[in-house]
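Annotated features in Swiss-Prot:
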ACT_SITE  D106  active site, nucleophile
ACT_SITE  E130  active site, proton donor
ACT_SITE  H272  active site, proton acceptor
DOMAIN    34-158  domain 'AB hydrolase-1'
Amino acid sequence: MSEIGTGFPFDPHYVEVLGERMHYVDVGPRDGTPVLFLHGNPTSSYLWRNIIPHVAPSHRCIAPDLIGMGKSDKPDLDYFFDDHVRYLDAFIEALGLEEVVLVIHDWGSALGFHWAKRNPERVKGIACMEFIRPIPTWDEWPEFARETFQAFRTADVGRELIIDQNAFIEGALPKCVVRPLTEVEMDHYREPFLKPVDREPLWRFPNELPIAGEPANIVALVEAYMNWLHQSPVPKLLFWGTPGVLIPPAEAARLAESLPNCKTVDIGPGLHYLQEDNPDLIGSEIARWLPAL
């Protein structure tokens, strides 16, 4: 495996969305179907820095920073999932994207799947990894992260950990990558959240995870897009790693059997942020898959 790059060699682009500026990467040819890369918590378009170069020679690659994250503006919001839906919907319309291929991860997967379910005629393919799915009980949450995420979801304790101590950036993120993240990489991820007041989205997201039936509105939304995925013929590309976090190998095997038109790719060792452990394989497999769509 080649050395994993730490640089972010992309010019900044901004678009006004619902009165705020959202930052995004935009590279590659303008003809053909654009590929929309959606990150999750607590990351940004930086997560895709070593994957986009594999895809950009042939396809337009667009990677926004979700509202309140990365280089996007940080309005005074509660940062519920529905807030992100509103801003992402408006972002896609502001850029005039008629059809897209989605490349999605973590909460970016929930946003992407939810958008695809509502706009199926505009989706040519979905590549996904470590995506948000209903977790029926805490026993199915990875043991190494169980107590931490239960604490994140305990009102005062969770805010102390994530808002005051920055525990999602300093703890959860590096613990969910197999290799050690460098200080340069960690500083890229720290940069948007140096001030506690800006960490609201980092706290909200783990409290929206659909675990053990709560919160009910997110469980229902995620179950709805999972039902759609199991019925939709849209081409799917699922990356998984060992041991994984949200999609362990056994779950990947079940999905390979149950999802129509789904190809799976084993990236080797990986936890949650697979893009930080084997980006070249992910990027090259996406580039190989796209021409058939």
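Each residue, glycine too, has its Cβ placed from N, Cα and C.
Since we're looking at a predicted model, the values are computed, not measured.
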Residue pair D106 (active site, nucleophile), H272 (active site, proton acceptor) - Cα distance, angstrom, rounded:
8
Between E130 (active site, proton donor) and the residue listed as 'active site, proton acceptor', how many Å separate their Cα atoms?
6
How many other Cβ atoms sit within 10 Å of the Cβ of D106 (active site, nucleophile)?
25
Specify the secondary structure state of H272 (active site, proton acceptor) as given by DSSP, simplified to three classes.
coil
For H272 (active site, proton acceptor), which residues of its chain lie six or more apart in sequence with Cβ-Cβ distance below 8 Å?
D106, E130, C176, V177, G244, V245, L246
